[in-house]
Amino acid sequence: MTKSHSEEVIVPEFNSSAKELPRPLAEKCPSIIKKFISAYDAKPDFVARSPGRVNLIGEHIDYCDFSVLPLAIDFDMLCAVKVLNEKNPSITLINADPKFAQRKFDLPLDGSYVTIDPSVSDWSNYFKCGLHVAHSFLKKLAPERFASAPLAGLQVFCEGDVPTGSGLSSSAAFICAVALAVVKANMGPGYHMSKQNLMRITVVAEHYVGVNNGGMDQAASVCGEEDHALYVEFKPQLKATPFKFPQLKNHEISFVIANTLVVSNKFETAPTNYNLRVVEVTTAANVLAATYGVVLLSGKEGSSTNKGNLRDFMNVYYARYHNISTPWNGDIESGIERLTKMLVLVEESLANKKQGFSVDDVAQSLNCSREEFTRDYLTTSPVRFQVLKLYQRAKHVYSESLRVLKAVKLMTTASFTADEDFFKQFGALMNESQASCDKLYECSCPEIDKICSIALSNGSYGSRLTGAGWGGCTVHLVPGGPNGNIEKVKEALANEFYKVKYPKITDAELENAIIVSKPALGSCLYEL
């Protein structure tokens, strides 16, 4: 296994004397530096950059603490920064996109945090999220400097090409770039930020604008590497391990990312979609535990998962029946063995109610009253349902988690006599994932299904939804390079989906809706 991004792995830093710059810096730094000079009539000191991400495989399993396989993409957020030496420091923000107005705010002289008002929807709030977590980190890192004194004033020019609202984590990319920039600006050239620290501090950043997330977005943005996918683990701690894609003879490994342009309003649909799935997988874990006579350890307090989850069940089952007291540590081979066993148990104990469990059925399985089940499982977040589909949801979580491990194993141990062998085998896992998301987890939609069908008919080997589903983005494994299928897939999607469903779509909107990426470098710095 390649080395995970632990404390000693530093965020890459480059400067103008570097012989060769990474692809995104070489392409984008000259332009943002010119724009900064035009805006501020001065040169920036450095540029901080962090990319968006796409999840290749591992959907709706992170909140059960199972590992996922995202990669950083060629679309990113950049912040060009000049550090100011002011008695009354302030931060000025200019965005290359004119729809995001210029902002300026003072930094508290006593070293207190800049306030964030989550009730106001403004792009500067996301900057302030990155500022806040960086400030908190600096206070712990050098309390003598930052406990009761202000941060350095900054002039910042922001530019990004991660399509917003597309499920490619533009907000995480922006916040990671901001946090990196603020730490660099205040600690100076002698301090080098570790990837682990940047990932750790940014995971909680969006909580300040009322968004809860599990850490995959930040891990992928910070730790991405060219030609690698990231095996992101959530237990026992957040960790990202890069795995290199195989070197193919005649093709590049590329991904077409196509946005359905269907927006699922998370707040409105949560009672029948996201919130309900969390309740169903939590209930499934507890019904399995009751069936096999084991007790789940309490999970995260303050959420429906304080009842434990499907990974917790796997661990306590193996402790009881296989005398393995150590919880699964993310190892690929033992994970494959355990998840395969979990799928057997799901068939044994939940398949008799494929049509769904009523509240009375669940209460009987848990040996509690209707009222107790309702109180303990159904009151944390609003949900609406006729029956709880415990069999389908548990089967998806365990089979999807197994596919993640099989994908990593395929990348690291398999040998391919022809390029097509890799595309077929990896693509098959992606197609199985989509089928599971559609049939078992029911988080697809007609537009996702249509896009996947068109792509597979025109040269994609694996096509699936990515992100929460019910709309949003799709990802497609497509051979790249001179002999590849990229243009054929893009053209088919444009003609058979976008121009049919959205006849008034503009060229610019179409360009934003279908993007192509290879696995890209994560967060980095460029010093002038």
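Each Cβ is built from the backbone N, Cα and C atoms, and glycine gets one as well.
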Pick from SER50, SER381: which does Swiss-Prot describe as phosphoserine? SER381
Where does SER381 (phosphoserine) sit by DSSP, helix, strand or coil? coil
Give the residue from the recorded positions ASP62, ASP217 that has the most other Cβ atoms within 10 Å of its Cβ, counting over every protein chain displayed. ASP217
Densest Cβ environment (other Cβ within 10 Å) across the binding-site residues GLY165, GLY167 belongs to GLY167
For each of the binding-site residues (ASN213, SER264), count the other CB atoms lying within 10 A of its CB, then report the residue with the highest count. SER264
For ARG53 (alpha-D-galactose binding site), what is the secondary structure by DSSP, using just helix, strand and coil? strand
Tell me, if you would, which residue among SER169, SER170, SER381 (recorded positions) has the fewest other CB atoms within 10 Å in the structure shown? SER381
Neighbouring CB atoms within 10 angstroms of the CB of TYR274 (alpha-D-galactose binding site), all protein chains considered, total 21
